[in-house]
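Visitor: Quick one: structure below, then a few questions.
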Number of protein chains: 2
Amino acid sequence: MATIDKVSPLAPKGGFPDLPAVGGVRFSTVEAGVRYKGRPDVMLAAIDAGATMAGVFTRSLTRAAPVLWCEDALARLHRDGPESADKGFAIVVNSGNANAFTGAHGRKGVEATAAAAAEALDLPASHVFLSSTGVIGEPLPAEKITARMGDLAAALSGDAIEPAARAIMTTDTYPKGSGETLSLGGTDVRITGIAKGSGMIAPDMATMLVYIFTDAAVAAPLLQEMLRDLTDRSFNCITVDSDTSTSDTLLLAATGASGMDPITRSDDPRAPHFKAALGRVMLDLAHQVVRDGEGATKFVEIDVTGAASDAEAHQVGMAIANSPLVKTAIAGEDPNWGRIVMAVGKSGAEADRDRLTIRFGDLLVAEKGWVAESYREEDGAAIMREDEITIRVDLGIADGHATVWTCDLTHAYISINADYRS
Amino acid sequence: MATIDKVSPLAPKGGFPDLPAVGGVRFSTVEAGVRYKGRPDVMLAAIDAGATMAGVFTRSLTRAAPVLWCEDALARLHRDGPESADKGFAIVVNSGNANAFTGAHGRKGVEATAAAAAEALDLPASHVFLSSTGVIGEPLPAEKITARMGDLAAALSGDAIEPAARAIMTTDTYPKGSGETLSLGGTDVRITGIAKGSGMIAPDMATMLVYIFTDAAVAAPLLQEMLRDLTDRSFNCITVDSDTSTSDTLLLAATGASGMDPITRSDDPRAPHFKAALGRVMLDLAHQVVRDGEGATKFVEIDVTGAASDAEAHQVGMAIANSPLVKTAIAGEDPNWGRIVMAVGKSGAEADRDRLTIRFGDLLVAEKGWVAESYREEDGAAIMREDEITIRVDLGIADGHATVWTCDLTHAYISINADYRS
């Protein structure tokens with residue numbers, strides 16, 4: 001395994017943020033030795049009765065056993081409606097092994113882990129959510145996890161969110177957290193979240209996992225709708241290497257512990273405020289994942305306007321963000337805008353060479369089918385030397401708009417991924 | 001610019017092949033100093049009257065000025081039909097500058113170059129085909145090319161195909177050629193072709209260019225139909241880095257100099273023989289391009305069977321071939337089949353985890369949703385140490401089949417592309 005000994009140069013300054021404690025949620029971690037030695041590799045989150053849950057999962061057709069389990073569990077909860085709130089929930093996550101493409105053995109590991117957590121916390125097994133992140137195709141030693149479930153349950157604490165964020169890391173170079181406190185109709189409400197992810201946001205080891213908690217009270221269908229919509233504007237707008245994980249999981253628990261009256265409809269005046277705050281936390285976590293992209297040295301925002309539709313703008317943004325040639329040029333601090341033209345051309349979205357405008361930050365680079373008269377290479381090069389770069393592309397066709405985020409493609413990415421399992 | 005001083009370890013043994021001379025075609029090259037110094041960088045091919053032409057071009061929406069010119073010229077030829085055969089044709093190619101995204105200036109460079117070749121060879125300008133390969137967005141110094149057109153015309157020779165293959169190289173580490181002689185209805189017929197391409201098949205400098213010549217006599221519509229069909233099974237099945245060039249061009253000239261009666265219909269018994277030979281030459285050139293992929297150390301064939309359709313098989317093959325995680329694992333000689341599972345899952349094609357079978361060469365690796373009982377990691381590792389690797393994926397759904405070819409993703413790719421223009 002590649003040794004990841006240096007924190008990404010793009011890590012947020014100041015380390016792990018001071019997150020507000022969310023009532024109704026407690027965390028614990030243990031060193032179970034699933035694969036890594038000498039570090040916590042399993043986390044348990046316990047959520048009190050009365051919470052609502054929402055989640056989104058990878059759309060991969062080769063999704064991992066714990067993802068299939070979570071999809072089933074969430075579908076059953078949403079079908080059963082409020083009566084499921086009589087009992088609490090648990091989230092169990094291990095790092096080091098993805099329990100993906102492990103056939104019937106994988107399913108048994110999931111069932112055993114869920115049963116152990118259910119017993120330790122007096123829950124139905126269907127109220128236990130599971131994630132595994134690490135190597136694909138190796139059998140999960142579930143017994144190492146179930147053996148420690150009693151210890152995990154005994155150690156639960158409302159303050160242990162940072163250790164939880166650390167326990168789920170694989171090639172990540174720093175733990176990722178984000179949170180906010182807002183006032184909704186006079187009640188203070190907290191949102192906190194943790195995430196992991198580094199190689200893609202989809203290598204076979206990395207995988208993106210996100211867990212968000214709030215003491216707001218929000219009905220499950222509305223919570224799910226908000227989560228899905230915000231995912232399309234945050235986590236679905238980032239890419240490290242274009243590879244999609246078999247295990248991506250995002251779970252959101254709303255405990256209601258703030259004591260507020262539940263939000264049940266989207267026309268509740270508090271709903272947009274809550275959604276905006278949730279969106280900020282999600283976007284912050286998404287950016288932290290990109291900033292920890294394997295081998296990343298540059299954080300790149302790609303802002304596409306003037307497309308035939310928002311969907312086509314997203315398509316163009318992703319074509320640029322996933323182009324190895326654009327990403328290596330950025331790694332080399334080369335203002336090689338020709339490669340952006342190339343990526344626009346191959347994206348499949350409607351485009352017209354002669355209506356295309358490209359800017360680095362506010363610097364006009366190319367327009368009307370050629371380099372801008374005012375452009376000087378040294379100005380472009382100066383922008384490329386920054387840690388954070390914004391590329392603006394206007395297609396000049398209609399009003400479609402999208403923003404996506406990525407990082408550069410460096411030698412370190414090759415080193416991490418060519419040596420990973422060896 | 002990165003210095004490319006070592007020939008790819010995957011280059012065909014024995015150097016440039018001994019190609020049969022095709023009657024009716026002559027070549028010449030000069031050092032015009034478009035960008036490179038001290039090496040030929042412009043080639044001229046002159047094709048005698050009576051030939052038919054076919055061509056396929058990049059589908060990029062930001063295609064380069066010479067590509068737009070060639071598309072127009074070819075469309076006009078095919079519209080005018082046989083009467084266009086009264087005059088010959090010319091192909092002029094420069095390396096070092098792609099004349100792409102260069103606006104009105106780019107168009108003027110194309111017109112000036114075509115006019116100069118037309119005058120030197122007594123042709124209509126619309127019978128001159130042009131390609132440019134190199135950096136995008138810099139003005140093409142067409143005057144450097146037009147100034148040497150008289151020298152080019154004076155030096156034409158039927159034997160100069162290897163220098164022509166060298167003149168069109170950019171990041172290529174060796175010149176690429178392929179040829180065949182076959183008997184059609186008692187007449188000996190020759191096919192020769194040259195190609196360039198290395199980074200993608202689509203970086204801003206590389207670009208894939210292919211020129212094929214035959215002394216067979218084939219009517220233009222049939223020639224075009226064969227070329228399009230064979231392109232889908234050769235050049236459209238290779239990828240180095242998933243980036244699509246603004247300049248990809250493939251031109252085919254059939255001079256008729258062999259003296260055979262023309263083939264005008266696809267039910268002519270000679271047509272399938274000619275098409276098969278043409279297909280072999282095209283596939284050989286396509287493989288040579290992959291073998292010279294930027295930084296490549298492994299030549300990888302990906303054979304997908306059992307898909308819902310041939311198109312979905314191609315989609316799965318390309319998802320595997322373009323996955324940075326699969327390509328870096330291959331670079332690291334790591335039999336990391338989990339990443340192949342991941343790529344199948346993200347491809348968008350119909351797939352079922354539990355019906356998927358993966359083989360490295362003939363070695364069964366995974367089946368029925370998990371690693372095969374008989375699989376031993378050291379056997380997989382031994383195959384990964386080879387220079388040439390075949391990955392077989394059977395989806396177990398229906399009969400769709402496709403084969404694609406790619407190379408690994410190495411540190412050298414990053415070095416070449418992060419430093420290219422600097």
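From the backbone N, Cα and C atoms, a Cβ is placed for every residue, glycine too.
Pasting the feature list from TrEMBL:
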BINDING   B:Thr170, B:Lys196, B:Thr207, B:Glu294, B:Asn417, B:Ser422  substrate binding site
ACT_SITE  B:Thr207  active site, nucleophile
Visitor: Check each of the binding-site residues B:Thr170, B:Lys196, B:Asn417 and report back the ones whose Cβ is under 8 Å from some Cβ of chain A.
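Guide: So the ones by chain A are B:Asn417.
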Visitor: What residue among the binding-site residues B:Thr170, B:Asn417 has the most other CB atoms lying within 10 A of its CB?
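Guide: Within the set of binding-site residues, the most crowded position is B:Asn417.
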Visitor: Which residue among the binding-site residues B:Lys196, B:Glu294 has the fewest other Cβ atoms within 10 Å of its Cβ, if you could check?
Guide: B:Lys196
Visitor: Using DSSP and collapsing to three states, where does B:Lys196 (substrate binding site) fall: helix, strand or coil?
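Guide: Strand, per DSSP.
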